[in-house]
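See structure below.
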Amino acid sequence: MPSSSRAASPLNKTLSAALALAVAGCCLVGGLVSASPAHADDWRDKEYWLAESGITKAWEVSKGAGVKVAVIDSGVDGTHPDLKGALVGGYDASGSGAADGQRSVGSKPEHGTLVATMLAGRGHQPPPPTASASPSATATPTPAPGGVNPDGIVGVAPEAQILSVSTWLGSANPSGKSDQDQIPEAVRWAVDNGAKVINISLGSTNPQWPQSWDAAFLYAEQKDVVVVAAAGNRVGGSVQVGAPATIPGVLTVAGLDRQGVASVDASSQGISIGVAAPAEDLVGGLPGGGYAEWAGTSGSTPIVAGVAALIRSKWPAMSAKQVINRIVTTAKDAGAPGKDPLYGYGVLNAEAALKDDVPETTSNPLGSIAEWIRVHRRGIPATVAPAAPTEVPSAAPTLPDPTVPAAVAPSQRDSAIGAAVVIGFAVLFVLIIAVAAIQLRRTARNPALMVEEPETGAMQRVDSGGKPG
């Protein structure tokens, strides 16, 4: 299995312990590390993925104008200088946040702003020069590649619009609203309010999801919305991809280390992975105008969601399945030839996704939730749990009658005792199977899952003028 060439990683020390929740889908790990003093343009210099993933070249075709991307997360701080003009709406699905979804909530409130700045940050202009007699002191700053603002964090789709949908994850929600209710409500709101792409940088260690999620993700599929979700991180306990990234039709994103290899810490593996993108040494914005370094597929996901926004801006009539197909078929193959559980179809190549000729497809290469429901929920009511089985058929193979030696006929008392023992064991067996079946159904509907979120530390604050605070 490919591994990182790094001997050791600070990620191991900065990632938080997983938290148990009774819902399929919560915050993924994103390791936050304290930052050394730097101006906002120094943060821009850290965005290596803009060039290495072909994003600056893709900007020659599209910057995501006119596309709404919903960020279902902990809320997005729209006052961050790099998000000025980016947020066009929002909603609080938690019952504990602001109505517009712009108040950061939950156990790790910074998570949503980190994601949003990586996805659609605008950057900002440097502060006015200080009066000086030196001509060089008042020189015009060099424009950034792609014609974007030169300072701060610029996202993959810097002209896309953000819809912030806040959810309370990782700790007890003051409103009492469960995660099982928040996620489908958030997805439906995003679809109804014009999102063409939904970013879900949340996940779990359980591949199953509550049945209550079926209708919401089916609704997104029927309304032609691209849903992009994080695969999860080994360091946070996600060895295998968990829901919602396991839902058919969702574009699941795995993580790469700084060398472009499947990350040992900041990724997981599974057959549902569609594409891989950078997941280590990431940077993003914090509520209040600060910046931070972080890691995890929570950060890989907005990179891919941003590319989806670039495509939907360039070809507004292109279907969601065609958008996903374009991203995965133009990816650079990595790992085992063809699709594999570490890289999916390969490493994201934004330039190729925007410039290559890609044959049309009649289906989503990552499946369909509608078809999955047809096959796997057949005969199961949407809102009523199936009744426990009243009898369990035997799965034992048919065996030839054994030849037994002749024996003295038992007395009536012996026969009665034997029959009672057999009947007793049979009843006990049926009860055990019935209880197990009920428990399995309950587990499938309400899986106990894990949540991994970014570890907060001492973060440097940078004001809108780009000066450390």
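Each Cβ is built from the backbone N, Cα and C atoms, and glycine gets one as well.
Residues or ranges marked as signal peptide by TrEMBL: 1-40.
Annotated domain 'Peptidase S8/S53' per TrEMBL: 64-346, in sequence order.
Annotation comment: TrEMBL describes ASP73 (among others) as active site, charge relay system. In the three-state DSSP scheme, ASP73 (active site, charge relay system) is classed as strand.
According to TrEMBL, the active site, charge relay system annotation covers HIS111 (among others). In the three-state DSSP scheme, HIS111 (active site, charge relay system) is classed as helix.
Positions annotated as region 'Disordered' by TrEMBL: 120-150.
Look at TrEMBL and you will find 131-141 tagged as compositional bias 'Low complexity'.
The active site, charge relay system annotation in TrEMBL covers SER298 (among others). Counting every protein chain shown, the number of other Cβ atoms lying within 10 Å of the Cβ of SER298 (active site, charge relay system) is 38.
Annotation source TrEMBL lists transmembrane segment at 416-440.
Under DSSP, SER298 (active site, charge relay system) is assigned to a helix (H, G or I) in the three-state scheme. Spacing of HIS111 (active site, charge relay system) relative to ASP73 (active site, charge relay system) is 7 Å (Cα to Cα, whole number). Note on the domain 'Peptidase S8/S53' (64-346): its mean pLDDT in the predicted model is 93.
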